[in-house]
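If you look up Swiss-Prot, you'll see 11, 12, 13, 127, 170, 188, 235, 280 marked as UDP-N-acetyl-alpha-D-glucosamine binding site.
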């Protein structure tokens, strides 16, 4: 048995790739997991539901605001210090063989605590542009896994540690009850604009079938009036629908792009302009460069442009599915280092 401590939360973009790694590790060896979740965030809820066998510890911590000299950061820094002491207590008790981290402020806290205790650290960065936690932790990590080759440019000092793997995706045996539809993901953070945009598109494309993840019951009711739209408040598991989709419309979060590329679904990407350090724009441009998508800037998105782009991506057809889930390569690398 190996004992793994893990953190990567606050958002689904950090959480789901981490779960993909842990689930793949568990298929290869007997694993006991200590999971550090952010109190009140998605990781706390999802991990307790999907993996009751994990020991889940909720940590009350928030990331630093930008700019870093923001006056509220004084209090947040104090809370980070308190959280680090708490995390160290749990790590000393659990005695993990390694720590797996996928970014977000909770990763910074757990990673620095693990560094002080001499526990091997493995990091994965989902975005093209690495976040602050990954930049800091890369100097202490045994391996730094990245989704894109271009991420090397942002971590020049740690080239010998970097392994380009792609972004892990959670596997599922389930399949959607529909097929040959355009998958619209409008329910995540900052995506109200996609819901509003698609409401104007649907009447113009009545021959095209859509599945739309809305993010709220109100939007589900509102979009269900269109006969060509299957509106769902939340989709779980996402893979069941990616398998059957012929195209997609979404923001450009790393895990969304990872699923799009893994299942070979061409997409229209509308980057969220407010994402940290323009992460979503950089992700979208890289996916477009690799031939997976069309990027439409939010201030340029119109019903007419979406309709024209849907026609292009549907005509493009599905791309060959990835032969191997990046989670497999990451698991092999980790086990090769510690066993």
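Every residue gets a Cβ built from N, Cα and C, even glycine.
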Run through the Cβ atoms and count how many others sit within 10 Å of the one on residue 235 (UDP-N-acetyl-alpha-D-glucosamine binding site). 18
The one of 11, 280 whose CB sees the fewest other CB atoms within 10 Å, among these binding-site residues: 11
